[in-house]
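Novice: Can you keep this structure in mind? I'll have questions shortly.
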Amino acid sequence: MEILVCVKRVPDTAENEFELNAEGNDLDRDDLVYSVNEWDNYAVEEAIRIVDNLGGSITVVTVGDDEAEEVLRREMAMGANNGVLLSDDAFEGSDGRGIATLLKAEVETGNYDLILTGAQADEGAGQVGGMLAAMLDYPYASLVNKIEPGEGKIKVGREIEGGNQEMNEIELPCVLSIQTGINEPRYVGIRGIRKVAGVEIPVKGAGDLGVDAGSVGEAGAKTKRVDYFVPDPGDGAEMLDGDTDEIIEKLIEKLKAKGGL
Amino acid sequence: MTRIFAYVPFKNGVTDDVALEYPDAAKKIDAGASLTAVVTGHGADLDNVADALTKTYSEVIKIDNEALAYPNAEIVRKALTHVIPADAIVLVPHDTFGMDLAPGLSIKLDSAYAADVVDFEGMDGATLKLIRQELGGAVSTHVTCDAASGAVITIRPGTFAPADEEGASGTVVDKSGEAGDLSAKRTFLEVVEAEVGDVDITKSDVLVSIGRGIEDEDNIEMAQDLADAMGGVVACSRPIVDAKWLEKSRQVGTSGQTVKPKIYMAMGISGSFQHMGGIKGNPFIVAVNKNPKAPIFQVADVGIVEDILDFMPELQEAIEDL
């Protein structure tokens, strides 16, 4: 099975408190901690498990600048065989469709049976996998939490409302977006990262991919982020302050009043 | 004139709540827009749902085909692509079905796409102005969407004001004949129901619900001790289940259980909309989180900025001393 996993370098929501910059229109990015999108680790782990059973190879791809290379190396340290970085000034400001256009071009340079993405990333749209599949005319399943490989077809479970699982049969090649919890991604240590530090990662621009620069990036984007803002909390929570004993005293009074104690 | 088509999912003959939320969303897009509901399915359930929707919508398009009996997103997409005009704005709920359907639909309609929209600020010519969130709800963004050749938009369920159901007396338009080829490379097999756990969190009046802030599996005992002191049970958010620290039946959220407690103690939970979507019945929500910017503080009744690993044992002790 030849597998392509699409990954993304994102600000780590567990490691950052997000602040706006002085102009108030973008995140203050100076001290942001970045990591690989959480969902993507599950996708790479699933690919490794499939290849361990059936043979084949795994390529990880991302769209980004030079710094995005670090997430490719991390996923290669996990067990992906190859990495590809799609990078070009013309790609900056791409919307979901632009990213899917670039990934489609990369897919067409290979011979992949299975293409995996994370179910969503930092922007919370969950859009690229479904768009890529539609562009390629491949079948697609989102929020996949189970894969049973087979010949020419695979069975996939999708996470649906209420903790239920929707089972589908899907023809290969296909695109799947992977939900967290499908597996337990393996730990990557410093030694693993060192082992792949010297591996060359090809970088492809618009020309290499045969993509019209006007169809991607800011120029091709129909959906554009204008700015970031922090909404007025409005009727947010009543914040209890003071030392811990005082807080607990106030909280207990409220819990009693609400019948909770 | 802006034309808006709202896809209404239904199950067992009952329309999704989003059916009543689309009119508010449509009005915020363009008060002068036409709004048409679209339903796909097969047989009597579909007919009943289409008829019921005429109370809310002036026009309801129905597409009836045996292949649409179960909502397989690939097949629904094919049917919609043949029926919805290319320059329309299409609304879909941002749920597990919408996420399956909408991105690919936007490609096939050659339309712009915006996901999980929480508010609209109207049209500026053909440009739709909208608001969505990023980074798990930590920040919001203003977004422009060029809808000149149509747009597919998923809206966050539960964010737009539900309409009065009895407002309209619309008509049903049967477009089953225009659905075209409905063959698919993905076949629905079955729905596997969630396993029932040993503790039923949906029956408890008090939930001590833990998130990432619990940090380690061994710390769950602290939450259990607090829950015991309060006469409640321990629930959790998704990361705890992903880490296999608690069984899936303990998870609160759209992909887990829907709970209706009186008291919801959100301990170290950031408060993603998927999590909050599982909390119904307007409970008293207490949020404890060491991050003062956690989105949970926007929806909780009472907020406390503390590390739950320090706070929970102290609260437990104080309650036991009462």
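In case you wondered, yes, glycine gets a Cβ from its N, Cα and C as well.
So TrEMBL says this about it:
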{"type": "DOMAIN", "residues": "B:4-191", "note": "domain 'Electron transfer flavoprotein alpha/beta-subunit N-terminal'"}
{"type": "BINDING", "residues": "B:R212, B:237-238, B:251-255, B:268-275, B:N289, B:307-308", "note": "FAD binding site"}
Novice: For the domain 'Electron transfer flavoprotein alpha/beta-subunit N-terminal' (B:4-191), what's the model's average pLDDT?
Specialist: 96
Novice: Indicate whether B:Q251 (FAD binding site) is helix, strand or coil by DSSP.
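Specialist: The residue in question, B:Q251 (FAD binding site), is strand (DSSP, three-state).
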Novice: Fewest other Cβ atoms within 10 Å: which of the binding-site residues B:R212, B:H275 wins that one? Let me know.
Specialist: B:R212
Novice: Which residues does B:S272 (FAD binding site) neighbour through Cβ under 8 Å, counting only same-chain ones at least six apart?
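Specialist: In sequence order, the residues whose Cβ lies under 8 Å from that of B:S272 (FAD binding site) (at least 6 apart) are B:G136, B:G137, B:S237, B:R238, B:G253, B:P295.
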Novice: Against chain A, with Cβ pairs under 8 Å, which of the binding-site residues B:R212, B:Q251, B:T254, B:S272, B:H275 show up? Give them in sequence order, please.
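Specialist: Listed binding-site residues meeting the cut-off: B:R212, B:Q251, B:T254.
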Novice: Going by DSSP, give the three-state secondary structure for B:S272 (FAD binding site).
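Specialist: Reduced to three states, the DSSP call for B:S272 (FAD binding site) is coil.
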Novice: Since the record lists B:I269, B:I308 as binding-site residues, which of them has the fewest other Cβ atoms within 10 Å of its Cβ?
Specialist: B:I308
Novice: Could you tell me which of these binding-site residues, B:Q251, B:T254, has the greatest number of Cβ atoms within 10 Å of its own Cβ?
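Specialist: Checking each of B:Q251, B:T254, the winner is B:Q251.
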